[in-house]
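Enquirer: Dropping a structure here in structure tokens format, bear with me for questions.
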Amino acid sequence: MSSPYGKVDEREHVRLEARRKTRKNIAIIAVSLVILAGIVIGAVFGTMAHKKSPETVETNNNGDSISVSVKAVCDVTLHKEKCFETLGSAPNASSLNPEELFRYAVKITIAEVSKAINAFSSSLGDEKNNITMNACAELLDLTIDNLNNTLTSSSNGDVTVPELVDDLRTWLSSAGTYQRTCVETLAPDMRPFGESHLKNSTELTSNALAIITWLGKIADSFKLRRRLLTTADVEVDFHAGRRLLQSTDLRKVADIVVAKDGSGKYRTIKRALQDVPEKSEKRTIIYVKKGVYFENVKVEKKMWNVIVVGDGESKSIVSGRLNVIDGTPTFKTATFAVFGKGFMARDMGFINTAGPSKHQAVALMVSADLTAFYRCTMNAYQDTLYVHAQRQFYRECTIIGTVDFIFGNSASVLQSCRILPRRPMKGQQNTITAQGRTDPNMNTGISIHRCNISPLGDLTDVMTFLGRPWKNFSTTVIMDSYLHGFIDRKGWLPWTGDSAPDTIFYGEYKNTGPGASTKNRVKWKGLRFLSTKEANRFTVKPFIDGGRWLPATKVPFRSGL
């Protein structure tokens with residue numbers, strides 16, 4: 001069946017094709033400039049610091065000389081010793097430029113992850129450990145996919161330099177997230193095993209991320225972002241997208257119809273997904289008729305560009321009840337889990353009915369790049385919405401929960417959403433967010449923009465906080481949102497103790513409502529009351545590169561503040 005987007009996409013394609021060809025050539029030249037700049041900077045700083053010939057400024061543990069490029073690259077990493085050890089021993093290291101060193105670093109990381117996979121595969125034991133080990137195997141497989149993405153895309157000239165850097169940082173951030181999730185998924189007695197086998201690959205992933213972040217800053221210093229990424233580069237009428245979405249009924253042009261009463265092609269969503277072609281660039285539209293579908297659904301990583309559209313967020317509902325207390329790892333509890341890139345859901349509800357006593361029980365988990373959710377509901381208690389990894393956008397959605405009910409380590413923007421804390425278990429307090437950034441060079445965080453945060457029911461006797469820092473570099477901002485008076489005046493809660501790491505980034509900007517006063521907020525170094533310039537970093541266009549991919553989804557969005 002023909003796609004409702006065909007005519008619009010074709011028109012945009014024709015309009016942009018000539019510009020893309022020009023941009024491709026410019027981007028290739030720009031990448032070369034970045035590489036050249038890296039060599040020059042490495043040579044200058046290396047020579048100044050050591051007063052030696054620019055060819056050799058350092059030696060490794062074996063007494064071998066290290067080139068200025070290796071020195072420059074490794075100096076920006078968090079694990080310098082590991083960097084010198086791996087890159088310094090690269091074949092012809094002295095003749096490699098920073099881009100070649102970056103690619104070599106990624107290849108070594110892939111080799112280390114492969115070793116870890118073999119170690120996990122050979123350590124399967126009792127049934128409980130097998131569940132977590134299999135989860136780790138899946139996560140490490142995703143890690144390798146993302147590392148391979150960096151190798152296949154780093155020479156692709158069909159994007160601007162800033163877009164290229166953002167892609168690479170996203171995939172490397174996700175690779176780090178998947179490895180961390182693997183360790184956290186293991187039973188406590190197995191975590192030392194996981195940490196020891198993933199130590200090398202985790203450090204190498206961090207180093208590769210640091211290198212590409214550094215090269216991105218060099219690109220900025222050459223003003224490449226300003227030249228190559230301007231509003232003229234993407235001539236898209238966002239309001240036209242809104243009109244098309246409102247005027248086009250995707251249900252009438254669906255490729256597959258799911259209905260509990262048998263009036264569709266299939267009775268379950270899981271069965272419908274089996275018809276999705278692998279890695280297809282064409283949209284596959286699945287219409288889910290009204291009803292409650294009791295199934296745990298997984299959109300596999302090879303299921304690209306799937307649209308799931310329902311009859312309404314309170315009418316077409318996917319319901320599950322997997323939870324941690326009954327023996328399922330958090331990563332596997334999701335009622336609806338998304339791993340296929342380019343996924344979109346509209347007018348759907350996702351519920352986990354396990355209840356508060358079952359603790360972690362995810363309604364929706366998203367671990368796929370370039371995903372959008374429009375007019376959807378995610379309803380559970382603890383850990384409702386798992387924004388696990390990659391770039392994600394939520395528009396006019398409703399998220400209901402109690403403890404850490406928006407959590408994960410993706411780059412996510414929630415815009416014009418309703419966020420509704422509900423009554424938790426007796427003795428619990430509500431925390432809306434728990435962001436999981438573990439590395440300063442990751443480009444991840446949770447951005448809550450123009451949302452309404454209000455209680456679901458009477459919560460006057462329940463302490464409710466905007467969030468707590470799950471990891472040392474936790475990054476969360478709340479901007480231009482309405483905050484009901486039930487929000488505790490301190491605003492934020494420590495994960496442990498009475499403070500938070502200085503390295504977190506929590507921000508508030510121009511919020512309104514009785515809960516928005518910052519007068520009595522916690523006095524943390526990492527809590528900032530943002531300027532307009534700072535807040536703009538966390539809007540759709542710069543934070544999730546939304547101007548590049550959201551227009552094609554036809555989901556309405558605000559690109560800036």
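Placement of Cβ uses the backbone N, Cα and C atoms for every residue, glycine included.
Pasting the feature list from Swiss-Prot:
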type: REGION; residues: 64-211; note: region 'Pectinesterase inhibitor 24'
type: CARBOHYD; residues: N92; note: N-linked glycosylation site
type: CARBOHYD; residues: N130; note: N-linked glycosylation site
type: CARBOHYD; residues: N148; note: N-linked glycosylation site
type: CARBOHYD; residues: N200; note: N-linked glycosylation site
type: BINDING; residues: T330, Q360, R468, W470; note: substrate binding site
type: SITE; residues: Q382; note: site 'Transition state stabilizer'
type: ACT_SITE; residues: D383; note: active site, proton donor
type: DISULFID; residues: C397-C417; note: disulfide bond
type: CARBOHYD; residues: N472; note: N-linked glycosylation site
Enquirer: Does Q382 (site 'Transition state stabilizer') have same-chain partners at least 6 apart in sequence with Cβ under 8 Å from its own Cβ, and which are they?
Expert: P356, H359, Q360, A361, G401, T402, V403, D404, F405, P424
Enquirer: Which recorded positions are spatial neighbours of the residue listed as 'active site, proton donor' here, meaning Cα within 10 Å, out of N92, N130, N148, T330, W470?
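Expert: So far as Cα distances go, the recorded positions lying within 10 Å of the residue listed as 'active site, proton donor' are T330.
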Enquirer: Could you state the whole-number distance in Å separating the C-alpha atoms of C417 (disulfide bond) and N200 (N-linked glycosylation site)?
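Expert: Cα of C417 (disulfide bond) to Cα of N200 (N-linked glycosylation site) measures 40 Å after rounding.
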Enquirer: Taking every residue in the region 'Pectinesterase inhibitor 24' (64-211), what is their average pLDDT?
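Expert: The average pLDDT of the model in the region 'Pectinesterase inhibitor 24' (64-211) works out to 90.
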Enquirer: At the level of the C-alpha atoms, what whole-angstrom distance separates C397 (disulfide bond) and T330 (substrate binding site)?
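Expert: A Cα-Cα distance of 22 Å.
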Enquirer: Can you tell me how spread out the substrate site is, meaning the largest CA to CA distance among T330, Q360, R468, W470, in Å?
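Expert: The span, Cα to Cα at its widest, is 18 Å.
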Enquirer: Measure from the CA atom of N200 (N-linked glycosylation site) to the CA atom of N472 (N-linked glycosylation site) and give the result in Å, rounded to a whole number.
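Expert: About 20 Å separates the two Cα atoms.
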Enquirer: How big is the Cα-to-Cα gap, in Å, between R468 (substrate binding site) and N92 (N-linked glycosylation site)?
Expert: 47
Enquirer: Nearest by CA distance to W470 (substrate binding site): which of the glycosylation sites is it, out of N92, N130, N148, N200?
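Expert: When the Cα distances are compared, N200 comes out closest.
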Enquirer: Taking only the recorded positions N92, N130, N200, T330, which one has a CA atom nearest to the CA atom of N148 (N-linked glycosylation site)?
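Expert: Spatially nearest to N148 (N-linked glycosylation site) by Cα position is N200.
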